[in-house]
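See below for the structure under consideration.
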Amino acid sequence: MKQSIGERLFQIFNYTLLFLLAATMIAPLLQLLAVSFSSPIAADSKEVFLIPVEFTLDTWKHILQNEVLWRAFGVTVFITIVGTILSMLFTVLTAFPLSRKDFLLRKPIMLMMVLTMIFNAPMIPFFLTVREVGLMDSIWALIIPGLVSTFNMVIVRTFFLGIPSDLDDAARIDGCNEFRLLFQIYLQLSKPVLATIGLFYAVGYWNTFKTAVLFLRNPDLWPLQMRLRAFFTSEEELAAVDLIMGDFDFNTTTLKAATIIFATIPIVLVYPYLQKYFVKGAVLGSLKE
Amino acid sequence: MDGHIKNEQVMAEKNGFWDRFNQNSFIKNVRKHWMLYLMILPGIIYYIIFKYIPLMGSVIAFQDFQIFKGLFASPWVGLENFKHLLHYQDFHEVLRNTALIALYQLVFQFPAPIILALLFNEIRILIVKKTVQSLFYLPHFLSWVVVGGIVFELLASQGIVNAIREMLGFEPILFMQEEAYFRTIVVISGVWKEIGWGTIIYLAAITAINPSLYEAAVIDGANRFKQTIYITLPLLLPTISVLFLLNIGNFLELGFDQIFNLLTPMTYSVGDIIETYVYRAGVLQGQYSLTTAIGLFQSVIGFALLWIFNRLARKSEQGLW
């Protein structure tokens, strides 16, 4: 097809603009990666531009020996695995009856759940309720109060509704009850959507922050994000680092950069899988009924 | 017109539901499908405890709630807390900050993904499109703690932004400590994190457009630009309108995580928003009733805006209900 000069100019402009913007999406992380491998003197004298200057592993050695950080990492891994499994289970168990025409309370219950997407409770009554339930300073406070995401539940339900009902009849003739129907037939057919919401939940748990701010006073229970935040803001923790610094080749600038990268690596590692599924999920969730 | 038909349908469904209910078939239904009821029970309990009880708990906004007396023994004070708010200096400041940042977000952050989606749509080379898109989606998956950390590091006195300023011969600026830059930083970091993710729904809507429309336009001599203006954009309007409505309902809810992780005591005067204030005054200092009143105020404004804009949307396009 022939293009006018104007269109060709636009194409050049468009490609340039998008490449530049796309570069800004990844450049901040690359810059911090470079800083984390640079000497503190180079980092503080503004010499580092995307490539490490005076390459050193000291910052990373220190980070990877930091027990407090690993403890927080452990908490996050725990809530990510256990939380994702529990959330998936609760979501699927809730979505399935809501997709069944045989289920008489389908409409009112669905309405009750979707309404919470519009009317969500203010922070304080939510806080007081969770405290009343006895979850203050418990690791379960990071999982249970946010167990089911209505958005994800609607995605799964929409998918279940799309499964042809001939299958049900066949299953029923074979004497298959509703639990087996869900777990042996529906879930087998829903693997892509389960992968999608599983990844949504997992990323959500990995990034858990607000619930930790609200409910955890005990620093031993802090998840990774909370620990990072403390590390960025509290001078004492940084001072403790400076005290033991001695001969080592790092400072708070390089340490902060390294902790940011540390918390990002797992996300980047699962990113290719994430990407495979999330587009589908984001679109499915937006379907109106 | 549309709404009328919808209403009738709802009525019909309601009648159907109650008819079946009245015929005592409910008990039969439970007997026959007890497994479905068992399955949904944990979900219902979850929604009641963590969604509805806190929602009902909002009534402490009309009480002088004392934690040791509890919900039932605390004295009722009517609208006292709300009256108090109106004369409360902190509240004025926090409300102004919230409304301004919300407005900036609506003006800059909302249209950004629409424009980006249209630009993506002009990329013809598939592999380039995919690569560029994957880069744009990445920041969505980072937490605000991480993004906040990145922003602080890059804008620090020894950060890369000041390094570039120095190379160009400018004085370094402590961006995060200056009130003048705070809202700009909030908007830019918000756009950076969510612009790519926001395109997904629009791109899906663009894919759904019938290609014959474009073919017809080409025959009529429309170039790409005209096709975008006269075909793509108008057909995106329903999607835009729905997303706008979903957005406006949460107008004053800016997202605790973002502001909390960018705020420093130096920038409270311009950046302290309802959610961060409620956290400090409510959760940390225990002014439960007053801060719940603020939260309730926020929800009511959100719902009022949603209702108004939904009415407007129904006149031209389609609303949420």
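Glycine too: its Cβ is placed from the backbone N, Cα and C atoms.
What TrEMBL lists as transmembrane segment is B:34-53, B:101-120, B:141-161, B:181-209, B:229-252, B:288-309. Summarising the annotation, TrEMBL assigns domain 'ABC transmembrane type-1' to B:95-309.
Counting C-beta pairs under 8 angstroms (sequence separation of 6 or more), the transmembrane segment (B:181-209) reaches the transmembrane segment (B:101-120) with 3 or more such pairs.
Each of B:34-53, B:101-120, B:141-161, B:288-309 was scored by its Cβ pairs under 8 Å to the transmembrane segment (B:229-252), and the highest score goes to B:288-309. Listed by sequence, the residues of this chain that lie at least six past the ends of the transmembrane segment (B:141-161) yet keep a Cβ under 8 A from its Cβ atoms are 172, 174-176, 185, 189, 192-193, 255, 257-258, 260-262.
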